[in-house]
Amino acid sequence: MPLMAIAVPSPFLPLSSPSPSSSSSSSRCSTFTAAASSSSSSAAAAVPAEPHPRPREFHYPRADPSVRWPHLKLDDFLGPPQFPAPSTPAPLSIPEEPDARPVPPEVPRTDSFETLESKQSRTRAKKMTKLALKRARDWRQRVQLLTDQILALPPSALVADVLDDRRIQMTPTDLAFVVKFVGRSSWARALEVFEWLTLRRRHAPGPRLLAAIISVLGRAHKDALAAEVFQRCNPDDGGAGADELSVQVYNAMMGVYARTGRFAKVQKLLSSMRDRGLEPDLVSFNTLINAKAKAGSLAPGLALELLQEVRRSGLRPDAITYNTLISACSRMSNLEDAVSIFKDMEASECQPDLWTYNAMISVFGRCGMILEAERLFRELGNRGFSPDAVTYNSLLFAFAKECDAEKVERLCDEMVRAGFKKDEITYNTIIHMYGKQGRLDLVVQLHDEMKNVGCNPDAVTYTVLIDSLGKANRITEAGKVMSEMADAGVRPTLRTFGALICGYAKAGMRVEAEHTFHRMVRAGIKPDHVAYSVMLDIMLRSKEMQKAMVLYRSMMRDGFRPDQGLYQAMFGILAKGDDDGKIDEIIKDMEVVCKMSPQEVSRILVRGGCFFQGAEMLKKSVSCGFEPDRECLLSILDAFAASGMQAGALSLLEFLREHAPDSSSLIMESSIVMLCKNHQLEDAMMEYNKMKMLNFGQFGQCCSLYEYMIACFEEAGFLWEASQLFSDMKFLGLEPSQGIYKSLISIYCKVGFPETAHNVVDQASRAGISFDDTSVSVTLIETYGKLKLWQRAESFVGKLRLHDFIDRSIWNALIYAYAESGRYEQARAVFNMMIKNGPSPTVDSINGLMHALVIDGRLDELFVVVEELQDMNFKISKSTILIMLDAFIRAGNIFEVKKIYNGMKAAGYLPTMNVYSSMITLLSRGKRVRDVEAMVAEMEEAGFKPDLNIFNSLLKMYTSIEDFRKTLEIYRRIQEAGIELDQDAYDTLLVMYSRDVRPEEGFTLLNDMRKKGLEPKLDTYKSLLAACCKEQLWEQAEELFKSMQSKGYRLDRSFYHIMMKVYRNSGDHSKAENLLFQMEEVGIKPTIATMHMLMVSYGSAGQPQEAENVLNNLRSSSQELTTLPYSSVIDAYLKVGDYNMGITKLMEMKKDGVEPDHRIWTCFIRAASLCEKTNEAMLLLGTLGNNGFDIPIRLLTGKAESLFMEVDHLLEELGSLEDNASFNFVNALEDLLWAFERRATALWIFQLAITRNIYRHDVFRVAEKDWGADFRKMSAGASLVGLTLWLDHMQDVASD
């Protein structure tokens, strides 16, 4: 029955006339041209663009069955067209025909097709006539002649132009072979021949013709057309044909599906064949086996099962059956089944052929059994076979898989000598081997060689080349290879596109990878799991979540599932964007589509950062009977803790306690871990102890819990608690991990027990635990060193040398251990040994030597060692220079410090902030004002801003030199910088206000200081108390003194002396006497200075007799007295005008063996300056002259200029004495000279006092244009003299 008559009521071609008319010809041409244009445009979309247009190829207008018969919905039946990727030709192929050589049948009538009524005569054997035999002998010439005529037609012509001309008489078998021969060159022309025969003859096609056209379409990958032809003849699918379908036709259709590995389709056809009463033959089973092999799903044992199924069908397996099964096992690297089938083949007396041995060599090679493959290869001659190209390529693949380049090259040479050329498979195998080795130069060289010898690279070649270039980060060249592939007319496969996409992904070229992916889809290639996964990973890394979701949905629709890593990455990005909707969508897919358990989903959610959704899925998994996952639970609790959601964590734990009673131990441990994460270590310890008491036998069986707790307690400083946890662990019989041992060693070293830490090291060694790094040994050696146990450190290193290689860090640690004890010689011995035996010393080694010298106080040798090291070509680093600098700074050696500092800058090492701070601190202590100010300026030019430490150094320096104006300027800069004052800053400023006699401002600062919870030092209080005394702030002084007593300060004797001055100056002498009793109550014994203060108080009160009583008590106490108590009594009598008694006490003092000194002189000179009568003053001065000190009376009566040198020498001697001896003496002398109107003498003595720093150098500020003067602390006469000089300075400036 004509196929087109069955399919459509009106055929495309006219059926009325056997020969084409002009009208029908034009109609056919126009119809064909339109259809060809449509087919051409659709085909062009599936192939890469060509740089130059090619000649127009022939296209059959009825090639697409969905266009020809749209009412049949063939897309639904057949699915999308399959375009399998080209693969390496296998050594096995299934024959298209059951018989290898056609047997010409009896010559029928001129009609080349049998009618429907004559089908019953097909199976009857007929006697052939002589004419039939003759025609049977020349059938091949007839077939070839007609085939050549059809193939010679131009693209616009139709086969009817040849077939309608019946010059050659053809049998049905001849016509079947015409279809087959034409199909080798053009599947479209073959299909046109087939349909011409169907339409013009109105006969049902015979089985041979059906098998021929189906096989042609199958080889051309036109599976849909082949299925359509088969379907129209299958009554089960609605076709009209019945008897046309024979075993041969079924085998042909099964072969079509087998080519693309569609095993289910083949199996279905086999069942359909049996349902129709057709018994499958051996070709049917061979095709079924081939389909299973190409489907890639040949599980272990299945090959043997298929073999038995052939036997159960009553058929005897032939060599093709065995070879197909062995080749399938080779493809799946299933060695065991391959060997079993080979043995079965030999046992069944089926003689193995070269095909068999090639397959066995291949399976041995794929399974890594190179020696077996070689042995079989060498034995081929003994078995009667010679290796062919497939044999060589199979063994070559085995060698290449092991990357044995030497054997590959040797086998290639042998192959060429045997007369075989290197083909595409050979080159592809070698190129792939060198590509895996990263030897791209050889890959490119072989590619060029391949083209030069006329061996055209195929898709596999280009794929391997692109993959190798991509892995070597030469992605630009890989892209050029893809373009070259398109220019060569080689269609890229899925693996080709996948290799290029992976290369772009590795190079981070997202846009190019995305373009390549879309190009692959447009080419009609369906992405596989790898392509989808790589593209999804690229989108996720680029944070292109919208595109990633579109790709993910396409991936799910195509039946592929992302792996857990991709799911985690997707959840990680969605969690950051708080996109709960998409998260819920993916969770649903994981549960419904991927069939994942709630426990697995929860684990992936947690690893992806979706902790709250993970917590809900954890609850769901527990409700479904799963045990909670430890890692998952701890991660969720950690997330709750980090978010401050303690209630959520507690709620989750409570839910687990209720629904997972078998996991009580895990829940307890999780609760403790959560407390540790929240730094509630005491609560964690309480929970641990409670659980330990309630369930000691089952609780705490997890070593990781102890490891985590010990690490947390060590970090927080709870060292003894961590040690207790270790003891509990040992009691429970748990073996500590390496991390626990390291923590314990660190803990014992921190608490100063290196011997115990050493014992833990030995325990770990006995337990078979070794430490990969040397940090443990270094820590132990350094601890020994810090505790001055350098002998133990030395012994420990000696033991290490017996078992392990000692690296540089351990030698350096030993050098530092020696250095901590100042053992330079031993450290230098280790240093020299490192130079001799290795490893070579480093900067740390040199710094250890310098540290040893510093600790031993041998600073002078530092420069000697530096010179030695430089002679040995060691470069002195900045850290070494800083060690030297710090050592001399600590020693206060300003000269060496400046020398090192300048040398450091000359060497190109820029100072750091710490260096500037240390330098400024040292120079400030040395009162090197100019150097300090220059250093501060340099630091600010370098971009550093002074910090509080530097400001404190400046405050102390300016306060110590009493440059209070600069001190206040620094204070102002601190305030402008917004820096909070610390204890030292407050103390320094209070001392400054006290020395500058500005106690009111000092009290204001003191209140600010106390508001911040700070209290001044005792020396600061003392300075403020003395300032109150000087400014006559009696009440504030007494309140301050009592507040210190109430706060429990242990006040020394100096505080009581100051208060005696306060009470003396305020005239409250009874309180001064009461201070003596207070001193005795607090355990402070009064000294002579104390008695002096009391006597001065009596003198100020006009009670010289009381002062003398105190002196008499001191004289009776057998104490060795100085002029201090005597001066108090003498001054008391002189103040009340009893000059004779004062002179008498002077004589008594001399009688007691005490010679007059500056104190006595000052008393008499001050009294003389206050005498109302000249003779009284001269009496007092004369008394001094008679007792060895005549300078005052000589200044009044003689030439003062002659006494200049003598007075200067006297002031120099007094300047070295305490108690402001020179200051008090000059004040008294200036009062005397002013009283006796010796102005000139007073002026030069005043200037001499400034020169000798007795008076401050900035007493006059006229030169600085401050227009002020400071006469504080000076006596009345000295102030008047200073005022005279100030006026002279002002007059000089005004005249200028």
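Positions of Cβ are set from backbone N, Cα and C atoms, glycine also.
Some features that TrEMBL has for this protein:
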COMPBIAS  7-49  compositional bias 'Low complexity'
DOMAIN    895-991  domain 'PROP1-like PPR'
REGION    1-64  region 'Disordered'
REGION    78-110  region 'Disordered'
REPEAT    246-280  repeat 'PPR'
REPEAT    388-422  repeat 'PPR'
REPEAT    423-457  repeat 'PPR'
REPEAT    458-492  repeat 'PPR'
REPEAT    493-527  repeat 'PPR'
REPEAT    528-562  repeat 'PPR'
REPEAT    807-841  repeat 'PPR'
REPEAT    877-911  repeat 'PPR'
REPEAT    912-946  repeat 'PPR'
REPEAT    947-981  repeat 'PPR'
REPEAT    982-1016  repeat 'PPR'
REPEAT    1017-1051  repeat 'PPR'
For the repeat 'PPR' (458-492), the DSSP helix/strand/coil residue counts are 26 helix, 0 strand, 9 coil
Outside the repeat 'PPR' (877-911), at least 6 residues beyond either end, the same-chain residues with a Cβ under 8 Å of its Cβ set are 843, 846-847, 850-851, 854, 859, 862, 866, 918-919, 921-923, 925-926, 928, 931, 939, 942
Per the Cβ filter (under 8 Å) with a sequence gap of at least 6 from its ends, the repeat 'PPR' (807-841) is approached by 774, 777-778, 781-782, 784-786, 788, 790, 793-794, 797, 800, 848-849, 851-853, 855-858, 872, 874
In this predicted model, the repeat 'PPR' (458-492) has a mean pLDDT of 86
Using DSSP three-state counts, the residues of the repeat 'PPR' (1017-1051) come to 26 helix, 0 strand, 9 coil
